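Below is one structure, written out as structure tokens; comments come after it.
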Amino acid sequence: MNVNQSAPPVPPFGQPQPVYPGYHQSNYGGQPGSTAPPTPYGAYNGPVPGFQQTPPQGVSRAPPSSGAPPASTAQAPCGQATYGQFGPGDIQNGPSSTVQMQRLPGSQPFGSPLAPVVSQSSVLQPYGPSLTSAEVTAQLAGMQISGAVAPAPPASGLGYGTPTSLASASGSFPNSGLYGSYPQGQAPPLSHAHGHPGVQPPQRSVPPQASSFIPPASGGPRMPSMTGPLLPGQGFGGLPVSQPNHVSSPPPQALPHGTQMTGPPGPPPPMHSPQQPGYQLQQNGSFGPARGPQPSYGSPYPGAPTFGSQPGPPQPLPPKRLDPDAIPSPIQVIEDDRNNRGSEPFVTGVRGQVPPLVTTNFLVKDQGNASPRYIRCTSYNIPCTSDMAKQAQVPLAAVIKPLARLPPEEASPYVVDHGESGPLRCNRCKAYMCPFMQFIEGGRRFQCCFCSCINDVPPQYFQHLDHTGKRVDAYDRPELSLGSYEFLATVDYCKNNKFPSSPAFIFMIDVSYNAIRTGLVRLLCEELKSLLDFLPREGRAEESAIRVGFVTYNKVLHFYNVKSSLAQPQMMVVSDVADMFVPLLDGFLVNVNESRAVITSLLDQIPEMFADTRETETVFAPVIQAGMEALKAAECAGKLFLFHTSLPIAEAPGKLKNRDDRKLINTDKEKTLFQPQTGAYQTLAKECVAQGCCVDLFLFPNQYVDVATLSVVPQLTGGSIYKYACFQVENDQERFLSDLRRDVQKIVGFDAVMRVRTSTGIRAVDFFGAFYMSNTTDVELAGLDGDKTVTVEFKHDDRLNEESGALLQCALLYTSCAGQRRLRIHNLALNCCTQLADLYRNCETDTLINYMAKFAYRGVLNSPVKTVRDTLITQCAQILACYRKNCASPSSAGQLILPECMKLLPVYLNCVLKSDVLQPGAEVTTDDRAYVRQLVTSMDVAETNIFFYPRLLPLTKSPIESTTEPPAVRASEERLSNGDIYLLENGLNLFLWVGASVQQGVVQSLFNVSSFSQISSGLSVLPVLDNPLSTKVRGLIDSLRAQRSRYMKLIVVKQEDKLEMLFKHFLVEDKSLSGGASYVDFLCHMHKEIRQLLS
């Protein structure tokens, strides 16, 4: 089914929808419970401190994941992670029982789940009060089991109740009081349209029966094995009837008739927190037989059991759990969209079309609206009124990537030259001519589509109209027929009314002790000799117009004269860093080809000149100041490439102190960690933007460097930051050089100004990204490349009209690499609606998450992180509750109903909430958090999609001869098989996980060693071997890297090795050690929040 197809309009409460009935919860009222540790969601937190339990007899086992991090956390090798050094104590997803639970097929008939007999409780998670057998009997007596069909819509799922009172296996657990939330691992029944593909239902002789529960008056627990007759619309073996705009899940399996619950009544059963319910249960946090104790993982809390024990006496059946295959799967949605929309080109001629997902490869045909590669919106159907928008709470935003690179099959925007008269614009609102302008009076005038002003058409632009009122030359003019195009700007659009000079690149190299010792300076100088041949050039130009200059620095600055007439470069030292000036003009910025011999000589000499330096202190602000002054003196825009290693503590403007303080995490002062130490850098950035001086910063820190402050200038000038912690040439050279080559070669627009105009009724009110704003409308960018986005939020200022829709026009004025002043225009028409159902049918979750992440990441600058997290959860709950209330058919409050287009909103939002910025693990440094915050701020939709929900690819499942990428699996430990090898990527990191039981032939083919134990952990390069598997895996790694804007360094992770903690951090559907909820648990929490809003 196509998630993005517009469904036929459904009147509110119009027709029955398949839903999950009966997710009834006992203590929703939020009665006071006993004290529990503070948690993000109150209910499904880690273990309550103070549980005492005797460890079972038998083999000892590493602790489960849900406890605190182990005491002895060995550090991962320095520089191992791409943006952080996570220690092994990071993420342990936890062990599982030896019993295998059957995976539930997608087209499974209805009934209660088959619960396995478990040998040992994992982590104790008591929820709800303990019940006596008398209470259970009373509740069962009060429960109505409906034999007759209720007039509710057809049910497509099970009612999940609170746990029944079952005996515990190993002693007494203290009653922990009421949590007022879902039991661990239970979730609301979801409504969604696809089952799990490719799984056949087991053959059964007795037709299963569906349960249709009405909750007992007391709201207490129920026994899971009660059954009733099938409801209408429900088949024995088929998928539930589904309807657009709303999803319905395959239900769990039924207990056969006569299944008895064993064990005397007692306290509530222990919940298995370390593993996700419904997956195949796994031993030892992984697979196969129980392993022995693992070294160096301390116990998470005193008295914690060890796992891997011999099975004890038979256990009581656990309560019903939600099958993870029954909740919306990102993998399935992505796969469906690829199958449905990947083959046809996306033609942009129709207003308000929702494009294919960013994960789908598709071609775009521009027929009047900008390609989704340039603009993506959170919704393509905007509410007509602000009241409706407030009710829905869906943010109205566009993620704009004005200079996005296009695939080779798509043409770059046409350049239109109107000569000295310049581009035609509306006299009132200054919007540029576009396909939506209406020509009238035989073509002599046009009405502006943005402000309705009537304008005269200049004589040189006049053309007759055809019988439809269109100009006869419409298809000959890009600005009248295409969504994206460029105008050559006239001198009026230039600074000081004169055309710009060609831009310059200045390379500014830290030559302090740290930079020399690591080999960085020598590596960089060697690379620059060849890289200068690949500076960006315009179109088919023979050589680049960009000039280059060189500066080295530690506590003082060294400028180099590399004029072509010199035999040797000349060095000039500026030691007065408090009053920075440029000591030479002629000979500092030169043409590469003219001065090649002198430049090569300089790059050979720099590593030798500073080889014996003992200077460890550096300056930073004066270096940027110097680069900016040099560009100002040369009267051109340009870019500074800074290569910097340490906290700038030398006496100079912009001097910083080490203020790293982990004790501030989770306090009201945590926001100061993200704020710059001093205002000096903001002032400097403002001057840089005025000069068109963009800064790209390459950091090579061995310790804290205050990324939050150093990143201010790159952030406000539209630049980029790259960070290589604990840089070592042998490990990190490929990553650094690849990033540097790409950064130097990419097309950049300099000295840019962007403005977004809208038609009457909405206006742009907020902007997110790497830029500076001196007023409320103009986004100023000293530099803008093809990877950067600007996210714009819109609000209503008047009522919109369904017939005319809403229009956006993004105009970017910039200087090209050749020094040409241009205007790039992108236009997009959206629909407007008076029905909320139309809004929810035309949303795009990936863009919504991109906006919400940027909104939250900016929020941490001014608010406590907990407040930011709560705001996101509340907004998500309001969006889904509004849909439930206004667009879904009436049904029991125990059902969770999600709009078809937003069924992945909870899983993706949970990934944002668990990210390092909003919920850091103990091993995430302050610099890592500031770095990631900065990166996400200007990411496009495809980058945030893969960053928050990484891709996990099994490598040995698909045939070796297959050239396509293997199908991805969900990012959860339960999906890993110890006989397989997996690649995981998130745009910054790339892991190759090797299971302990991988066949010896596979190990030999990939690693050229004879057994699993001989693979060296942390390996970052696969040997080049001449066999099909090695060729395929290396080819796949290369193709993944080519899709991303930054080089992903490979890390080989062996199962049960210390690096596995780092790998598991990216399995985002699981619970995280830093307290982040699993997907199932978060879904339960969202359902509870929605119910509270609806009640």
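The backbone N, Cα and C atoms fix where each Cβ goes, and this holds for glycine too.
It should be emphasised that the depicted structure is a prediction, and the values quoted were computed from it without experimental measurement.
TrEMBL has this to say about the protein:
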REGION    1-128  region 'Disordered'
COMPBIAS  8-19  compositional bias 'Pro residues'
COMPBIAS  24-34  compositional bias 'Polar residues'
COMPBIAS  60-77  compositional bias 'Low complexity'
COMPBIAS  118-128  compositional bias 'Polar residues'
REGION    148-328  region 'Disordered'
COMPBIAS  162-175  compositional bias 'Polar residues'
COMPBIAS  202-212  compositional bias 'Polar residues'
COMPBIAS  293-305  compositional bias 'Low complexity'
DOMAIN    423-461  domain 'Zinc finger Sec23/Sec24-type'
DOMAIN    500-744  domain 'Sec23/Sec24 trunk'
DOMAIN    749-832  domain 'Sec23/Sec24 beta-sandwich'
DOMAIN    845-944  domain 'Sec23/Sec24 helical'
DOMAIN    963-1035  domain 'Gelsolin-like'
Intrachain neighbours beyond the domain 'Zinc finger Sec23/Sec24-type' (423-461), with Cβ under 8 angstroms and 6 or more residues off its ends: 368, 416, 469-471, 474, 479-483, 487, 489, 757-760, 807, 809, 811, 823, 825, 827, 829
Composition by DSSP (helix, strand, coil) of residues within the domain 'Sec23/Sec24 beta-sandwich' (749-832): 0 helix, 54 strand, 30 coil
Residues in the domain 'Sec23/Sec24 helical' (845-944) grouped by DSSP into helix, strand and remaining coil: 65 helix, 2 strand, 33 coil
Average pLDDT across the domain 'Sec23/Sec24 helical' (845-944), rounded to a whole number: 94
The domain 'Zinc finger Sec23/Sec24-type' (423-461) - residue tally per DSSP class, helix then strand then coil: 6 helix, 11 strand, 22 coil
The domain 'Gelsolin-like' (963-1035): DSSP-derived helix, strand, coil residue counts: 22 helix, 12 strand, 39 coil
